[in-house]
Each structure stands twice: as C-alpha cells, then as structure tokens.
Amino acid sequence: MTKDMTQGKPLKLILAFSIPLLIGNIFQQFYNMVDSIIVGQFIGEEALAAVGATGSMVFLVIGFCNGIASGFGVMISQAFGAGDKKRLRNYVAVALMLSAVVMVVLTGVTMVTTEPLLHLMRTPENIMDGASSYLMIIYGGLGATLYYNVLSCILRGVGDSRTPLYFLIVSSLLNVVLDLLFVITFHMGVAGAGLATVIAQGVSAVLCLIYMFKKFPMLRLEKSDFRCRWYTVVQMFSVGLPMALQFSITAVGVMILQSAINDFGSTVVASYTAASKVENLSTQIMITLGAAMATYCGQNMGAGRFDRVKEGVRQSYIIVLGAVGVAVFVSAVCGESIVRWFISNPSEEVLAYATTYLHTISWYFVFLAFLFLYRNVLQGLGNGILPMLCGVAEMVVRTIIAFTLTGKWGYMAICMASPLAWIAACIPLWLCYQIQIRDPQRWFLRKRTVRA
C-alpha cells in the first residue's frame, strides 16, 4: 500500500516508514555478511581478505547503482506527493528504460577494468585471484542489483517500504542457502559466494517487478508512458547522476584508502574487512533515517509543504541521538565479539587491529549520523550537487591521509581517515540546509517539476 507523508505527525510518519527500512537494511547487511562469514569460517583468512579487498570496488559500482535508483525514487516521490499520476507513470517507465542503458554501460566498463584496478590498488598477490573471481561475478550480475534497487526505490517513492523488506528477507534466506551450497558442498570458493549474491538479488528484482505491476494500478504502464522526452531524461539524470556520483566519488576515496591498507598486508586487510562489517551493521539506523527522510522530503516538496520538511528534520534529531547511541554500543562494546563471527580462531593481532579501528571511529559517529540526515534531506529536495561535492571532500580527505599520513601515523591513520572525512562533509551539508530552508521559495520551489 502507498503512504502519503504530506499529512499527519512527521515523527510518527518517519518512524513508521523507517522501521521496515531498518529491518530491510539489517537483512541487507546480513545478506552481505553471510558471504564474509562463510568465506572466513570455511575457506580461511586469505579468502576473507580477498573478498574484503574488493569492498571498495564493489561499493564504487553498487553505490553508483544505488545513487541512480535513489535519484529516480526522489523524482517519483515528488510526482506522487503532487498527486500527478500521469507524470508518475512516465517517470517509472523512463526509470526502467534508463536503468537498462546504465546496466549495459556499467557492466561493460567494470568487466574490462577489474584486474587493472586491483593491480593499481596494490592488492596482495596471495589474494589477487580470489578477489578477481569475486568481482567478475558481482559485476556480471549488475543488472540484478540495479533493477532491484530501482524497483525498491519506486515502491518507496509511493510510500511502500514494507514490500521491498519482504522480498529482501526472501532473497537473504536464499543467499544463505546458496552460499552454503556453492562454498561448502560444491567447493566453488569465493566465486561461489559471489554467485549466490547475484542470484539472490535477481530473485528480489523479479519479485518487486511482479508485485509493482500487480498491486499498484497507478503503476501499470501503458505504451504512452514510455515516451522518453529529452527534458524528462534530463530531469531524471539531474537528480540521479549527482547522487550516483556522490556514492562513487566517496567510493574512490575508499579505494585509495584501501590501497594504503593493502600495503600493510593480508592480516590487516582481513582485520579491516571484519571491522568494516561491524561498522556497517552498527550504523544501519543512521542509513535508514536518511533513506526515510529522502522520501519524506521528496513527497512534501512535491506538495509544496516546506513547513513540514523543516518540522520533520527537527523531530528527526531524536532518532539521530538514538542511532548514535546504538552505533557506539555495537562497535565499542560488542565489536570484538562480532569480529569473531568472520574469522575462525582469529589471532590476537587480528583482534587488536579490528578493535582499535572500531573504538576510534565510535567517537565520531555523531558526525556520520548528521551527514546521512542532511545529505538525504537535500537530495530529497532535489539538491544533488552539494552532496556530490561533499563526496568529493570525503575523497580528498581519504586521499590525503592515504598518501601523506600512513607513513607517520601508521595504522592509526587508517582509523582516522573516515572520521575526518565525515567531518569534512557534514559541516557544509549542515550549513547549506540551514541557509536554504530559511528561503525555500528561492532555493527549492523553482526546482519542482510540473511537466509530464
């Protein structure tokens, strides 16, 4: 069912919309963690390092897909908030067509550049083959990932955050079964883990597509809806591309940092991989709030209710504080125990590196929480440029640290790279929101889309 977020109490609406998203995000992390857990426990530390060494490269491309999908979802939420069903269907149709173009281009580029990038990042030779095999399979299945994200964002754009959750649960369970089958029974190594992920994502995409056309009359597309006008393409990409580039630019910074991590050897790579999984798990409430606020702000912008945007942001501070508390508890208190999930009989050295990282970043989670909040609020209002530029700031900070400070600070430079990048991005996002929300007629109203 759809959810109109232009009426009712903002905090209640945001929480109600966020809960299915949160459960879905946790399952998404579970989905990703299963690969690492099974690989680490049943193949070994080097195999875990191989999967971990690909993390930034996967984030580069999957983040681009997520950004494109989120941008399309913002446009759809604005059309839904404005009550313009004709424009809504046209946006959905154009989103599906543009996704096919993006899929073909990304698949071709990534398949060609995988091994050169791994060498450029100075991936240790003992994990090179495993990392390459895993990436080739993940990139070969980009279509499944992209369409699942696009279809999920379409459903969320009209206020349905529950259905993508149900399908994600199904695919997560399928992923576990396939992981066990391919890795343990068929002995396919890290390639089996990648194949399981792609198949599970494909199932999610198909289920979302069938459900969308069957259950939402307003989304049943006709031939006329597939008229791809140039200005519609420009509108869709004007929001989607900056969001996609923001993810990818941030990922480039992570890739550069990963190359510095690789220089420390496979033990540190494995430690950082496990710690990063804990970090991702601990920050899910922050990520969920951001996604919910993008939809909330998009619908209310479409309806011209900027007063509700401001009130929703103010009330969301309560969730932000709770999210920070949970993240600190999971990372700083439970971190070492969770790290043990990924590696059987981890050495004291591995645990020391992982816990040092988690304890360090925990002090800075408040900046990350507000970063997710303001980035998504601005994107929901159609401002994709500044979040993209802040992604550049994150990349620059990580690059500076990777090339200048690892020699002086050693591993502690790795631990401080993300916190300093969060601060560099959070402050300008906060300032921009404070300036623009005071005069929304000037900054946002002119961006509202009125043509079908």
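Cβ coordinates are placed from backbone N, Cα and C, and glycine is handled just like the others.
Per TrEMBL, the features are as follows:
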{"type": "TRANSMEM", "residues": "12-31", "note": "transmembrane segment"}
{"type": "TRANSMEM", "residues": "51-76", "note": "transmembrane segment"}
{"type": "TRANSMEM", "residues": "88-111", "note": "transmembrane segment"}
{"type": "TRANSMEM", "residues": "131-151", "note": "transmembrane segment"}
{"type": "TRANSMEM", "residues": "163-184", "note": "transmembrane segment"}
{"type": "TRANSMEM", "residues": "190-213", "note": "transmembrane segment"}
{"type": "TRANSMEM", "residues": "234-261", "note": "transmembrane segment"}
{"type": "TRANSMEM", "residues": "281-298", "note": "transmembrane segment"}
{"type": "TRANSMEM", "residues": "318-339", "note": "transmembrane segment"}
{"type": "TRANSMEM", "residues": "351-373", "note": "transmembrane segment"}
{"type": "TRANSMEM", "residues": "385-405", "note": "transmembrane segment"}
{"type": "TRANSMEM", "residues": "411-433", "note": "transmembrane segment"}
So, does the transmembrane segment (51-76) come close enough to the transmembrane segment (234-261) to give 3+ Cβ pairs below 8 Å, pairs being at least 6 apart in sequence?
yes
Chain residues in Cβ proximity to the transmembrane segment (385-405) (below 8 Å; excluding those fewer than six residues from its ends, i.e. six or more beyond)
242-243, 245-250, 252-254, 256-257, 259-260, 371, 375, 378-379, 413-414, 416-418, 420-422, 424-425, 428-429, 432
Annotated stretches the transmembrane segment (163-184) and the transmembrane segment (12-31) touching (3 or more Cβ pairs under 8 Å):
yes
Rank 88-111, 131-151, 318-339 by Cβ pairs under 8 Å to the transmembrane segment (12-31) and hand me the top one.
318-339
Counting Cβ pairs under 8 Å that sit 6 or more residues apart, are there three or more between the transmembrane segment (281-298) and the transmembrane segment (411-433)?
no
Where else in the chain does the transmembrane segment (318-339) make close Cβ contacts, counting only residues six or more beyond its ends and a cut-off under 8 Å?
11, 14-15, 18, 271, 274-275, 277-279, 281-283, 285-286, 289, 346, 350-351, 354-355, 358-359, 361-362, 365-366, 368-370, 373
Which residues of the chain, 6 or more past the ends of the transmembrane segment (51-76), have a CB below 8 A from one of its CBs?
35-36, 39, 88, 91-92, 95, 98-99, 102, 106, 110, 114, 117-118, 121, 123-124, 127, 130-131, 134-135, 138-139, 142, 145-146, 149-150, 152-154, 156-158, 190, 193, 235-237, 239-248, 250-252, 254-255, 257-258, 262, 269-270, 272-274, 276, 291, 294-295, 298, 379-380, 382, 384, 449
